[in-house]
Ligand SMILES: NC(=O)C1=CN([C@@H]2O[C@H](COP(=O)(O)OP(=O)(O)OC[C@H]3O[C@@H](n4cnc5c(N)ncnc54)[C@H](O)[C@@H]3O)[C@@H](O)[C@H]2O)C=CC1
Ligand SMILES: O=C(CO)COP(=O)(O)O
């Protein structure tokens, strides 16, 4: 662990913050931080991209046309970015998250606040990003940011709310202070596992919603998918220890609505492309950005079968994406399945059965 930098927060409420990951969401958060007056050590692996942002203040590949205001310092030196920061926000896709943190774990210092912005699950062991942070950086204080936060809207200063989940109240308070502004509100929650799992799970249902939209299904169908998706994800998460009420909040139903109703969601777009007849590989290739849901789907299907949780939408989407099942056959089997109770995941067992 390295030494703690001197705080620049001498009553001015501005901090040195590192943002790790130069994609759409890292850029959106760097923009909010820069506008809020913080010094932003913006780490990305590509020197060409860092140089371009330094000279034009625009991340042309991920956020064309969006100018980053304020004290933004793009860098490819992660040790320098983390070493100078009081708070670190990590927006690296789940597939690379642990490798990046592990490789640089000695650069972090005791008590440093490290917050995951990533909505995914690690392939081996079903670990969430906050669990990886605890394992790799046991002496840091961790948290998770999740909610209906389409990067493409945040960069246009469109009104947005999010959730900071952390056990440590100072982490929650600091992140609220750091990011909150006239267009970005930060709510707090202590259910780290629930908030984080909600963010990862909703990506699956965004793919389903994109698929339904491509098939010109109506609003009734969309409402059915969103609500049954919510039931399914809540049932699964609660069985793993999450608080069911978290799913009624911004990180649960909030994010589900945003991503299941908008083509600004990359997961929705992948589903849409598949609904229009594209192969999964083609859809991902065309997107050119991360769609975490396609990986989360595999892991959640496997886990739900292992622990015996009924997730028909997960199973149906898996059959379409990975087993070549016809979309119509899956829809008809879903519609003809046994008709269950509504909101069974919060009903007493006798009524739910
Ligand atoms: N874009 C959005 O609206 C939101 C995204 N998120 C989450 O943020 C995470 C990151 O997503 P985006 O920034 O949107 O993805 P993106 O696809 O726009 O960018 C991914 C970034 O990660 C970088 N990257 C990939 N592998 C890397 C590695 N091994 N080392 C260093 N950098 C690496 C890429 O170079 C790229 O800069 C995802 O888990 C996503 O679910 C969360 C909320 C909103
Ligand atoms: O999580 C998101 C918005 O809250 C972004 O969703 P996509 O990754 O599907 O674009």
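Cβ from N, Cα, C; glycine included.
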Residue from 110, 255 that TrEMBL also lists as binding sn-glycerol 3-phosphate with 119, 147, 202, 265, 266, 267:
255
Relative to ligand 2, which of the binding-site residues 45, 119, 266, 267 have a Cβ found under 6 Å from one of its atoms?
119, 266, 267
When DSSP is mapped onto helix/strand/coil, what comes out for residue 119 (NADPH binding site)?
coil
Measuring Cα to Cα, how many angstrom lie between residue 267 (sn-glycerol 3-phosphate binding site) and residue 292 (NADPH binding site)?
7
Between 45, 119, 202, 266, which of the recorded positions has the fewest other CB atoms within 10 angstroms in the structure shown?
45
Suppose we screen the recorded positions 147, 202, 255, 265, 266, 267 by Cβ distance to ligand 1 with a cut-off under 6 Å; which survive, in sequence order?
none
Binding-site residues: 24, 265, 267 - member with fewest neighbouring CB atoms within 10 Å:
24
